[in-house]
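Quick notes on the structure that follows.
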Amino acid sequence: MGLLDSIASPADLRGLSDAQLEQLASEIRDLLIRTVATNTGHLGPNLGVVELTLAIHRVFDSPRDRVVFDTGHQAYVHKLVCGRAASFGTLRREGGVSGYPSQAESPHDIVENSHASTALSYADGLAKAYTIRGEDRHVIAVIGDGALTGGMAWEALNNIAIAKASKLVIVVNDNGRSYTPTIGGLATALTSLRTNPRYENVLDLVKRRLNAVPGVGPAAYDALHAMKKGLKDALAPQGLFEDLGLKYVGPVDGHDRAAMEQVLAQAKRFNGPVIVHAITRKGYGYDPAERHEADQFHAPGPFDVQTGAEKPKGRIWTDVFSEEIVHLGHRRKDLVGITAAMMHPVGLDAFQKHFPERTFDVGIAEQHAATSAAGLAMGGMHPVVALYGTFLNRAFDQVLMDVALHKCGVTFVLDRSGVTGDDGASHNGMWDMSILQVVPGLRLAAPRDPARLRELLNEAVEVDDAPTVVRFPKGSPPEDIEAVDRAGGADILVRNGTKDVLVVAVGAMGTTAVDVAQRLTAQGIGVTVVDPRWVKPVDPAIVELAREHRLVVSIEDNGETGGCGAVLLQTLNAAGVHTPFRLHGIPQQFLGHAKRAAILERIGLTPQAIALRIVEDMTSLTEGRSPLDVEQAT
């Protein structure tokens, strides 16, 4: 039995000796490595915050004091010392420990976040609430790993700076991606003095006395203050924070637990918001991660614990996009690539190697990415903005007002669209086809296979008077499904028997729809499967196909509310097509973490479930009654 097994809550940390705490840190790293090697997850960020997290929980009293993690993937250590060590082997498994903070798991988790740059706003609100209610509680926000490249973090800092009474401690986890390395001992000594309340009292006294001296007093104080600030600014990167009016402690070695505890205790005693700047190394304590040049094992696939070698993985959708965008870049000198701190994950790294001058990583700034793309389009370029589907939500206003309103030719490529699975509710890209339906002029494509991804990407970048979107899911693509016929701009994938059922298969659900068709054909039901390719706007040819069939069924890997099926039904209503309609999509709920296949089964987006429902509907129609839950044009 290890020491970690005896830690049921953060309170158990406070009685441990230095030697025991070192042992505990070692056990935590070992468990992190072994678990992520099998389950996958975020390893590098968590290896880098072991001592930092232990220090936070020894100095503060969670859950009375609230700890908010920005980009919650760095909360694994927090979970381990907050009672979840025994169940950590279920990390990212259905019904197991989430890869992000989860209110359902523990009272120590308050924010279920995986979107970056939000923690400071949560913390600002919490701290203000406790101040108003007269509660003596601290709020600790841990932010870093690039999250300070997001504008929302600076909006929060701008407001935090004027909330002088808020008991808010902001721990900047600087792993080399946001700030310069630590400077030295003098900076630490000066910042220790700077945040000492006694120093503040003395400074106020000196200010009052000097200002009372006629003529020279105010000037003397300003000179003294400028000298002190100038010396500190020369030694440590706190100038920007102090210019905002925030107290600053650091830099401090984030892997030195005792030093972290000392500065956190100083910050806790100060009556107001404080920045604690901790220098850490991503992947710390695991040599393969520290030597991994790309991202220090940020989120590796399954790997060998001894060597760090990742196990072979198959081809994914991202690889197809990555190859095709390079081909397009060679043919189109006006093509530029933009991403928001996701160069490798979205597959733009290959484009960057070929065309570095035409590739832009804007940091965690999706809003800026969209509007900058509009500017590039106005300047004669064609930008391709590659993001995860869930992160486009953050830039909706910019897509609508900055890109679409100005009829800019910008292509958005949405990776990890639809159900993503293991990363939980906030990573599912299940809203894009709903929110984008309201954007005038925007065209949206959903490829069913690799060949269609290449085809539709080429078509998208040819549009220079409106935004286009190409979206595809996470994981491995299916084999190419060739069309048997064409209807307008849509592909007919299956045409069997009589015109009983028209199945409209959106994007990656094409494979599912073909399977459904085989099951229906085996039961004597005639079926046509159509892939719209471009799902917005609705192709008039699909309206005519719907008019010819007895039942229309739409299948999409997107929310049912406001999605492609809902818009198709609305279009049929407007065209006077009264064919009964069945919509299959993602219900209007947040989906917990599990494998994609398990989630699709849970929500009924499997060939078996869909075919069964269609058989039931056709039976009702054959008997001369329309099922109550089949949507019907009126």
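For all residues, glycine too, the Cβ spot is worked out from N, Cα and C.
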Listed co-binder of thiamine diphosphate (same site as Ser114, His115, Ala116, Gly146, Ala147, Asn175, Tyr286, Glu366, source Swiss-Prot) among His57, His73, His327, His406: His73
Cβ neighbour count (within 10 Å, all chains shown) around Glu366 (thiamine diphosphate binding site): 29
Cβ neighbour count within 10 Å of His115 (thiamine diphosphate binding site): 21
Asn175 (thiamine diphosphate binding site): secondary structure state under DSSP, collapsed to three categories: coil
Recorded thiamine diphosphate site residues His73, Ser114, His115, Ala116, Gly146, Ala147, Asn175, Tyr286, Glu366, farthest C-alpha pair in Å: 32
All-chain count of other Cβ atoms within 10 Å of His73 (thiamine diphosphate binding site): 23
Cβ atoms near Asn175 (thiamine diphosphate binding site) (within 10 Å, other residues, all chains): 23
